[in-house]
C-alpha cells in the first residue's frame, strides 16, 4: 500500500515537472521570438524556417542521446513517421498562413476552437466520453481566454480555409502523439527523436519558400547580426525543451488536457507582455484571465472526479484479466507441447 502511494506521489511530481517545463519553455520561446521577429527587435520574419532550425537541433540532441545510450530506439514504421510529420508540418504552415490572412481576433478564436475539435476527434477515433463537469469546465476556459484575447474579428475565405486546416491538422497531430506512444510502447523523447529529423529536413527545404510567400523575402537576403544569432540559438534551445515537454505532457495526460491547460501559457504571455513590453492590461483582460484560471482549476477537479468514479466502478480492475489476455492464455494452452511441460516430483 505504501509502495503504491509513493509511486502515485512520484508520478504526480513527474506530471507537474513535465507541465512546468512545457509552460516555462513555451512562454520563454514566445518572448525570444517576439524579440527576434518584431520590427522593434531584429525583424527576422522567417517563422517556418526558424521552426526547421528548432527541429534540426532537437534531432541532433536525439541522435547524440541515442549514440551515447542515454535513450533507446524502438521501431516505428517509416510510413507512420512520414504521415505524422506531414500532419505536423501542415499544422505549422497552416498556422502561419492563418496568422497572416486573418485578423488577430479570428486567429485567437480558431486556436480556442481546437479544444472542442480535439474532444470530438477523440470521441470519434478513440470512443472517449466526457462528463458534464469536464464539458462545463472546458466552456469556462474557452470563454475566459476568449474574453482576454479576442478583439476584432474579420473573416475571409482564404483565411477561413487556412484556419480550418490548422485546427484539424494540429488536433490530429496532438492526438497522434499519444496514440503512437501507446501503440508502440515508445517514450516521448524516443518518438520525438524519430520524427524531428524528418520534420527538420522538410521544413528546411520548403520553409524558405513558405516564408517568401508570407513575407516576400528569402532568408538569404537577411543580414545576420550577433544579436539575431543569439536570439535564434536561444529560441532553438528553448524549442528542444518545448518539443520534449509537449510529447511528455500528451503522453502523460491527453490531447484535451494539453489544450485546456495550455491556455495557462496564454495567461502567462499576457502577464509577461504587460510586465516586460508595456502591453496594455485592461479590466477585460484581467477578468478573462481570472475566469480562464478558474476554468482550469475546475477542469483539474472534474478530471480527478472522473478518475475516482472509474475506480469505484471497477474496484478490481487492475487484478482482472482483459479480453486480449484471456485470448492469449487460451491460445498458449491450446498450442502448448505437453512433452515440454515439467512435472514436479513429490520429494520427501
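Backbone N, Cα and C define each Cβ position, glycine as well.
TrEMBL entries are annotated by machine, without manual review.
Within the listed segments 2-22, 23-43, 44-64, TrEMBL records transmembrane segment for the stretch 44-64. Note on TrEMBL: of 283-302, 303-322, 323-342, the range annotated with the feature transmembrane segment is 283-302. Checking the ranges 226-248, 249-271 against TrEMBL, the transmembrane segment annotation falls on 226-248. TrEMBL lists transmembrane segment for one of the ranges 167-190, 191-214, namely 191-214. Pairs of Cβ atoms less than 8 Å apart link the transmembrane segment (76-99) most often to 191-214, out of 44-64, 105-125, 191-214, 226-248, 283-302.
Confidence across the domain 'Sugar phosphate transporter' (26-300), taken as the mean pLDDT and rounded to a whole number, stands at 82.
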